[in-house]
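Input: a single structure, listed below in structure tokens.
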Amino acid sequence: MELENIVANTVYIKARAGEGSKNKGRSKKWKQMLKLSHISECLYIKNDIQLTKEYIIDKQPIGLKLFRQFCLQNKNYQKYIKLVQKIENYELIESDNKSNLYSLAKEIIDNFLKPDSSDYIQNLTDLNGLKNLETLNENSIDLDKNLFSQILENLNSILYKEPFEDFLNDSIYFYRYLQFKHLEHIPITKNTFRMYRVLGKGGFGEVCACQSRATGRMYACKKLEKKRIKKRKGEQMALNEKKILQKCNSRFIVSLAYAFEMKDSLCLILTLMNGGDLKFQIHHIMGHFSEERALFYAAEIICGLEHLHSNRIVYRDLKPENILLDDAGHIRISDLGLAVEVPESDGIKGRVGTVGYMAPEVVKGEYYSFSPDWWGLGCLVYEMIEGQSPFRFRKEKVKREEVDRRVKETNEVYSSKFSPLVKDFCSKLLDKNPVSRLGCGPGGANEVKSHPCFNFNWKRIEAAIEQPPFTPDPKAVYAKDVLDIEQFSTVKGVTINEEDQIFYSKFNTGCVSISFQNELIETECFDELNLFGPNNTPTHDLIINAENEDIETENTDHEGSRCLIFKKAKSSSRHKKKKQFINNQKPKSQNSELSCLLMFSNNKQKSSISNTLIPNSNDVDLNSDNQAHQLEQKKQEIKKNGNFILKNLFKSKFSNKSKDLNNREQFNEIKEGDNQNLLSNRPLSDVL
């Protein structure tokens, strides 16, 4: 049995290892799987999406890339995108690296903001603002990530007017965007993925690793068994988790990439987190974390909670086992089964969560909005540093009522592991009054980020480019052995009916747009598919009135040019030959209907056909008035004999791999069609 586990782990690790490499893990037919349709088939998308900056640029990764690509190819708009990219790079420099900050700031000012510069952009800043920028030096207090924030805001207001309108005005880049949007409608089935070992169990089924055949991207497949869902009446819970996952788009929350249906299960394809969870790291490896490591994870969790709260979603189940680590050591919040949307006008109530991590207002059954999540963060930070929950000792056997009493009435105890700043941070998060709790004021997540215990460049944290304090071993499997994962029992006495099928149809929605686009970009499939002609001319699939057979393209990637090689296809001349051949075969008289058979045959076959089909002069007078009647009789003889001569004739003709495409097509027509119907309704020359 140990061998089974070794094999499962080896195959899984090998698949994981090839994920980051170009073409590794992809099917040989990946380009066929992700083939972009002709633009004429994609124009309907314009009526199905919002043609706004907020949707195409802010929420669509491929939309943003193609818009910037469009601007960089336009001489009038190039400088706008170049400046945006410079400012974005500036904001990602570490705050204490004053030398690099000053160097890039000076480059931006000299190249874009001074009136005498070649790429000068008007109306981005006034004279006073320019003078202040020109007086900067390496020791300036103003040399921080927000230095160009107002200029960036002004720049975006320019970009999303005329340039964005030009982008939407039937540009080839907008057409390419529609092609990628159309690609999102490809059917998703279990054959879209390769399945690997079981990683664990969810509430309704197993969780296993899987890999996209098209891109090579690794995922986790969370299976929800249909009968188990129905037996536990968990339809609403499953659909709620799926909808909330679909709504979220954050580096710090497990993303939903696909949702589809199998015979016995509903499947959620989620971000694969190879580093295990924080509970495993705290209690089975480290015992507790340093403050530095705990605050790093807390910072990324804050970014995840901020995203949820901005979408009016409260998580309600923050605990170590729900925080997962990826390959690089960054975290994501997982298991959104208890998350719920909070109405604008009012809060919600309900005892939901895990004992020891639920906030006092939840335990008391009071109304709340986002306050339980900040309480949960306090519990988590405390446990990461202390090595145990603030209201229950490790391995302590205590009743739920006692834990609830401690949450409502007692204060947590801080050991020497906590510095004064971190102790202050934790105690403010664990304030029993939600009104005065850190993060529950008007500033929300910004209040938490502003606490002096954090010394991060939040732009770098949000971009997930800050170096994590711990990186998981890429050759380790942070999961139980396959045979140690308890299997579900068979569900009996449950029958699936039509009403259940309606629920499954709501669940089976295929690709999730943002996740799918990120997958294409991060696996470099987007770059290999997003090719244009020389000098950024449209390829045939971007020309609305282009005929597919008039132009052939070869997917040749020339270094530096990123374009396609066009070939005036042989198909054009081949098409002419085909037409000429067919015209030559049209019978000029009924005599040629029978003699047409002879052109495909060798000498022996000609003799056989002549003896069998072509009447001699004694049987048929080809010049007589009965010619048509006699020919019809001969056709009936052919049908009566089962057309074996025609079949054998064409089989032998094409068994030698004839290069004549036209003859091959005609042979297939006779071979696969209804020969009797063909002969009874068409002249022999047409059949051939």
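Any Cβ shown, glycine's included, is placed from N, Cα and C.
Keep in mind the model is a prediction, meaning the values are calculated, not measured.
As recorded in TrEMBL:
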DOMAIN    59-173  domain 'RGS'
DOMAIN    193-454  domain 'Protein kinase'
BINDING   Lys231  ATP binding site
ACT_SITE  Asp317  active site, proton acceptor
DOMAIN    454-519  domain 'AGC-kinase C-terminal'
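Reported as a whole number, the C-alpha separation between Asp317 (active site, proton acceptor) and Lys231 (ATP binding site) equals 24 Å. Model confidence over the domain 'Protein kinase' (193-454) stands at 93, taken as the mean pLDDT rounded to a whole number. Note on the domain 'RGS' (59-173): DSSP counts are 70 helix, 0 strand, 45 coil. A simple way to gauge crowding: the CB of Lys231 (ATP binding site) has 14 other CB atoms within 10 angstroms, across all the protein chains here. Residue environment of the residue listed as 'active site, proton acceptor' contains 22 other Cβ atoms, counted within 10 Å of its Cβ in all protein chains.
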